[in-house]
Amino acid sequence: MGPMNGSGDLSSEMEVDAFRRLFPLWFHERHLLESIRPDGRSLGRARDTTLALGAVASADGSALAKIGCTTMLAAIKMEVMTPTVESPDEGCIAVEFHMPPICSAIVRPGRPAEVAPVVSKQLSDTLLRQVVMTFSGMIDLKDLSLVSGKAAWMAYLDIYCLDADGALFDTALLSAVAAFCHLKFPMVSLNDDGRVVVVSGESKGGKSGKEAVNKEQRKLNLISIPFSLTCTLHNNYILADPTAEEESIMETLVTVILDSSLRLVSFYKPGGPVLAFTSAVM
C-alpha cells in the first residue's frame, strides 16, 4: 500500500504540473477563488526579503538584496570628476543595469542583432528610467561636490540581476538604496597643482602631508529612503509582489514608489487594461 500511495501522489503531482503548464491562467484563477496563491501566500503578502551590506569588498558601497528568489547585486565606485559649468557645485550619478543570461531562461545569450527585441535590454531600459527618477528625490547632488567648480564625485552604480523571478524593480531599488546607505567616500586631497586626487593607503598614514578635502564627509546623507511595491492586477484581484510566472499571465502590472514620509514618488503602469489604472489608484 505504501508504494502505491507514493506512486499515486507522484502521478497526482505530475497531473497538477501538467495542468499548470498547459493552462497557467486557469491554474492561478482556481487559486484566486480561494484567495491563496500557488506558493501558499495570501494575495496581499510579499515574499521574504533579505539584505546584505558590503557584498563587494572592492566597491565603495555595495549590497546584495533578495525578494523571494529574485536577487540583485548593487555596487558603487566613486571617481573624481570636473563638474559642469551649469552645475559647478554638483556631482553626478551614472546607473547601469545588467541582466546576464544566467538570471532567467527568457534572457538569451548572443549578439543583440540575433535576438530582436532583446528582452534584457527592454527590462534594463525600464528599470534604468525608474531608478534615475527615484534617485532625484533621494540624493542631493550638491553633497557630491568637493571643490566648487573644480572637483566633484561621479558615482557609478552598477546593478546586476542574478536571479529574475518577478518584482525586478523592487529588488533593484532595494539593492541600490542599500548600496548608497553603505557608501563611504574615499579620502581625497589637493596636490601641488590644485587638483583633487584620491588619497592612497600610504597617504592615509600621514606620509604625504596633504590635508584631506573631505575629511569630515564619510557617509552620504540621503534626503529620503524610497521603497516600492509591484502588484499584478487581474479581474478584481490585486496580488502583491508577484513572481515571474504571475507577471507573465496576469493582465496588468503596477509599481508604486513611496518615500520614507509615505509620499507618492512614482506610479508606473506599463500597459494593461485602461480601467485597471483607476481601480489600482482607488
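Positions of Cβ are set from backbone N, Cα and C atoms, glycine also.
The domain 'Exoribonuclease phosphorolytic' annotation in TrEMBL covers 46-186 (among others). Residues of the domain 'Exoribonuclease phosphorolytic' (46-186) grouped by DSSP class, helix first, strand second and coil last, total 42 helix, 49 strand, 50 coil.
Mean pLDDT across the domain 'Exoribonuclease phosphorolytic' (225-273) comes to 86 in this model. The domain 'Exoribonuclease phosphorolytic' feature in TrEMBL is assigned to 225-273 (among others).
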Helix, strand and coil residues within the domain 'Exoribonuclease phosphorolytic' (225-273) as assigned by DSSP: 6 helix, 24 strand, 19 coil
